[in-house]
Ligand SMILES: Nc1ncnc2c1ncn2[C@@H]1O[C@H](COP(=O)(O)OP(=O)(O)O)[C@@H](O)[C@H]1O
Ligand SMILES: Nc1ccn([C@H]2C[C@H](O)[C@@H](COP(=O)(O)OP(=O)(O)O)O2)c(=O)n1
C-alpha cells in the first residue's frame, strides 16, 4: 500500500525544488527548515489531497487502508513518517522520539517536510494524509510550505473511551500506546484538533464520520464521499470500462449534492478523454448555474482544447448559441488550433468577475499568465466585467503583445479616448493593425462623436489612417466624404 519513501536524511539538506512545490507554489520561494532558498519552476499536475483527522485510535489508519484499496490513493501517515524518522537514527530522530513519548506534537515544519518528501517520491497524484493537520500550526505550515490546501477533509469522530480501548489493544509496540501517554495525547488532541475541524467545517470541505461500529460499517459511510470521484480516482484502471450511464448512476445515487457530483463526473469524463460527454455536461452545469471551480476549470480548458474548435462550433450551434458558435468559427477560420486559445472562448463566457479572478489566480499559480492567449483572454474577460483597471494593469505588464492584445485593449476602451491613445501606441510599437483594430477605432470615433480626421494625430498620418480604417471595413465612400467635408 505504501510507496517507498525517499531517504529522509535530506530533511536537512535539499538540493532541488520538489515537483510538488513547483506545482503548488509557483511564485513562492522554496522554504525548508534547512533555511535553504530556491525559486521553483512551474509544473502542471495538481495533487488531489485528502486530510484524515481523528483522535488516537479513532480508526484513521484502518479506514485509510480501505480507501487506498478501493480508490487508489497513496497513504501518507504523519505518525508513521515520524516513527520512520526515529528508526532512521537521523539528527531529528531523538527529538521526535522525546516529543511523541510525551504525547506532544512534533514541530510542524518537520512533519510537513516529511510529508512533502513522501508525496514527492510517489508518482501518484492522489494522497490521503493521515493524522494531519493535528493543529492550526500544522495546517498553516502545510499551506505555507506546500502552498496548497486539501480537497477533502475526513474527520473520524470517536468517543474517548472507545479510542482508549482501541489504542490499548493495538499491540504494535508503539512507545505512545500506554495509558499515561494516551491521556496526554487525548488532552492535546482535544485542545488542538477543534480549531482545525472548525476551520475546515467553514470551508465546506469537512466530512464528519461517526467512527463507532465495525470497520466495514464505517467504510460504508466513507465510500460515498469518494464514489463520485471514482472515475478520476480509479483512472487509469477503469478507463476502458467506464461508460456514460455508469457515471450517471453515481450521480443518481448522490442526490442533494448535484453541483459537487456534476463537477466530479465532469472531471471524470475529461480525465477519461470523453470530451464530448464532458462538454455536454459542462453545458448542463452552465444551464444549472454550476460554475466550474479551480479544479474543474483546467479540465474544461483541456476538454475544449482536445475537442477541437470545429466540433465546439457544432456543439454551440446545436444548443442555439449562435453568437458563440460564430465567434469560435471565426477564430478557427483565421487561426490554427491553439489549445490555449480556447481560453478566450471560455473566459468570455464566464459569468462572474469572481470566477475570472479565481481563474486568473489559477493561471498565475500555473505560470501560464504570460501565455499570450491566456493574457489576452484575461484582458477580454476583465473588460467584459468592466474591470478596466485590472485589464490595463495586465496589459502594461505583458512581456509581449500581439495584434489580439491590442485589439482587445482598444476594443475595451471603445467608449473613451484611450482607445485612440492605445491605437497610437500600437502603431508606435510597430504592431500591424487588422480589421478588428479598424472596426474598434471606427466604433471609438463614433462613440466619441469624432471623425477620424478629428483625431489628434498629424495630418499625413490622419489621411493614411482614414484610408486604412474605412478601406479595411469597405467604406471608402465615407472616407471620401470625410475628406470632402474638411479633412
Ligand atoms: N471500527 C473499529 N472497531 C474496532 N476496532 C477498530 C476499528 N477500527 C480500527 N480498529 C482497531 O483500533 C486500533 C486503532 O486503529 P487505527 O486505525 O490504528 O487508529 P488511528 O490510525 O486513528 O490511530 C487498531 O488496532 C485497529 O485494528
Ligand atoms: N501531525 C502529527 C501527527 C502525529 N504526530 C505525533 C504525535 C502523535 O501522538 C504520534 C502518533 O501519531 P499517529 O497519527 O500515528 O497516531 P494516533 O492517531 O495518535 O494513534 O505522532 C505529530 O506530532 N504530528
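Cβ coordinates are placed from backbone N, Cα and C, and glycine is handled just like the others.
Remember, TrEMBL labels are computer predictions, not curated facts.
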**Report entry** Record-annotated ribonucleoside 5'-phosphate site (TrEMBL): member among 83, 84, 223 besides 104, 105, 106, 131, 132, 133, 134, 174, 185
**Finding:** 83
Query - 57, 58, 59, 60, 61, 62, 170 bind ATP per TrEMBL; candidate in 213, 430, 449 listed for that same site - result: 213
Report summary line: Cα nearest residue 58 (ATP binding site) among binding-site residues (83, 131, 133, 138, 174) -> 131
Report task. State the count of C-beta atoms found within 10 angstroms of the C-beta of residue 62 (ATP binding site), not counting that atom itself. Result -> 15
Report task. Please go through the binding-site residues 58, 83, 170 one by one and keep those whose C-beta falls under 6 A from any atom of ligand 2; give the result in sequence order. Result -> none
Report task. Kindly point out which of the binding-site residues 62, 105, 133, 138 have a C-beta less than 6 Å from some atom of ligand 1. Result -> 62
Query raised in the report: If you skip the near sequence neighbours and keep only those at least six away, which residues in the chain come within under 8 angstroms of residue 170 (ATP binding site), Cβ to Cβ?
Result: 57, 177
Query raised in the report: Using DSSP, what's the helix, strand and coil tally for the repeat 'PPR' (371-405)?
Result: 26 helix, 0 strand, 9 coil
Query raised in the report: Between residue 105 (ribonucleoside 5'-phosphate binding site) and residue 62 (ATP binding site), what is the CA-CA distance rounded to a whole number of Å?
Result: 21
**Report entry** Neighbour tally for residue 213 (ATP binding site), based on other Cβ positions within 10 Å of its Cβ
**Finding:** 13
